Amino acid sequence: MKLVVIVLLVISVSILVSAQELGGSRRYCGRHLAQTMAVLCWGIDEMSAEKRNSDMVYEDSGMPELLPADTRKKRGIIDECCLQACTRDVLLSYC
């Protein structure tokens, strides 16, 4: 009886892991999130990425609508894709 329960548990875990890897939700945090977004949104991989606009400075004007859209969305993508799992479609919605 114990063997049957263990086998069923192993099979269940395997199915869950496989489903998640086949296009289900994943968590993207830190550098992995940034690299994934660069590839999805701009087709840039780490090897060919150039530092663009590195000398641009955005001062805190108290008017967030004047900042680039990706600055405003930063917290949302972290909430949706780092603190909890998200799909590729959710990531693409932030491009």
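The first residue you see is number 1, and the count goes up from there.
The backbone N, Cα and C atoms fix where each Cβ goes, glycine too.
The following features are taken from Swiss-Prot:
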SIGNAL    1-19  signal peptide
DISULFID  Cys81-Cys86  disulfide bond
- Cys81 (disulfide bond), Cβ-centred 10 Å count of other Cβ atoms over all protein chains shown, is 22
- Task: May I ask which residues of the same chain, at least 6 positions away in sequence, place their Cβ under 8 angstroms from the Cβ of Cys86 (disulfide bond)?
- Result: Ser25, Arg26, Arg27, Tyr28, Glu80
- Message: So, three-state DSSP: helix, strand or coil for Cys86 (disulfide bond)?
- Response: strand
